[in-house]
Amino acid sequence: MMTMMGGAAVAPSLPGISATFSTYPESVIAMIITLPPLAIVLTGWCIGIICDRVGKVKPLMISLAFFALFGSSGVYLSSLEMILVGRAMLGVAIAGIMTTTNALIAAYYTGPERAKVIGYQTAGMGIGAIVLETSGGYLASIDWRAAFYIYLIALLFIPGILWTMKEPEQIERSSQKTGTEFENASVSSIHWGHIALIYLATFSVMLIFYMIPTKLPYLLQASGITSTIISGVLLGIAGFSQGFSALSCSRFNARFSRQIILALGFSLMAIGALIIGTMPDLAFLIGGLILTGIGMGFIITMLIGWLGDLSPVHRYGTAFGLFSMFLYLGQFMSGFVAQPLIDFGGSYGALFVYSGLYSIVLAAVFAFFAIGPKVLAKSGKNPVDS
């Protein structure tokens, strides 16, 4: 839940922040959203390596404390420059939270049970989003600084982790399997092509999805919808839809290949983005956000489970540190990709149209990988494993 709060929780405050710091261009204001992902990109892999060496529970608790301290910096800091520094440190905290939680899930669970827990995790992220982002919209309607209080929620989790969570044992390193790979697999036996595809899809899905919290409030204003509460509710709808689809993802996983599910997810995101970009009426916006959220839930749940299956146990920290890095690299780059597309298309709606077209390309790529094995098998080549 908190890993998705880097910027989305305060996204409804962006217009108010722009008004307060009116001498700064919109691209600088947007760094309140995009700077945490940059910090994650720069530190995620290092944090993963540290977790592989020192454990995961203690880094998780430290990350939660940093999340509360630096996440709430917008409440008590008066200059935009210092707020941006706080946002960068928030990114370090999020990198720690995401890397440790994913690695702990992969270490605690295997097989179908792991898939279910990942679904619960993704659902928690989505359902939490509708609560936190709606709250952010309400608080932003009072004052833009008030939305930063949301980050203090991290303090509630530290006592529970301290009392109940234990560092995973060495997972019986001499004999334990991790889904589809042995923990002590050789470098040559690891499916590097599949792992690279996972990271590429991770980057791409967040490049697209993060256009919503960064630019939807401005699209709403251009359409005459100025209420920050409505903005927060709409952002939360996408999160709720993500949670709903994540809970059902394990059922699809039992029937279809990973590539088919990923193609379906990107197809839904494409349809949703095209609706958002071409039909700014509130009812259509809700429908587009629902489809986008459902696609997001399918994709993220599938990618986390797939990576856990392919990664050796003693490298979970590194694997998921890289996952965090590519996930938030997509978030960070979305801010820089968005503005040229808006300038080229002439509107915020055009941005979502371009996002939808890119999603169609990604859906086609995974659809090709889904049917490729049959074609390659007929030609006598090695098929892509599902």
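Note: Cβ is positioned from N, Cα and C throughout, glycine not excepted.
Record features, source TrEMBL:
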type     : residues : note
DOMAIN   : 1-374    : domain 'Major facilitator superfamily (MFS) profile'
TRANSMEM : 28-48    : transmembrane segment
TRANSMEM : 60-77    : transmembrane segment
TRANSMEM : 89-110   : transmembrane segment
TRANSMEM : 117-140  : transmembrane segment
TRANSMEM : 146-165  : transmembrane segment
TRANSMEM : 192-212  : transmembrane segment
TRANSMEM : 218-240  : transmembrane segment
TRANSMEM : 260-277  : transmembrane segment
TRANSMEM : 283-307  : transmembrane segment
TRANSMEM : 319-342  : transmembrane segment
TRANSMEM : 348-371  : transmembrane segment
Under 8 Å Cβ-Cβ from the transmembrane segment (218-240), and at least six residues away from its ends along the same chain, one finds 4, 8, 11-16, 125-138, 140-141, 212, 276, 280, 282, 285-286, 289-290, 292-293, 296, 347-349, 352
Here the stretch out of 146-165, 192-212, 260-277, 319-342 with the most C-beta pairs under 8 Å to the transmembrane segment (348-371) is 260-277
Outside the transmembrane segment (283-307), at least 6 residues beyond either end, the same-chain residues with a Cβ under 8 Å of its Cβ set are 102, 114-115, 118-119, 121-123, 125-126, 194-195, 198, 201-202, 205, 209, 212, 220, 234-235, 237-246, 249, 252-253, 258, 261-262, 264-276, 319-320, 323, 359
Chain residues outside the transmembrane segment (260-277) and at least six past its termini with a C-beta under 8 angstroms from it: 201, 205, 208-209, 211-212, 216, 219, 249, 252-253, 284-285, 287-299, 302-303, 349-357, 359-360, 362-364, 366-367, 370
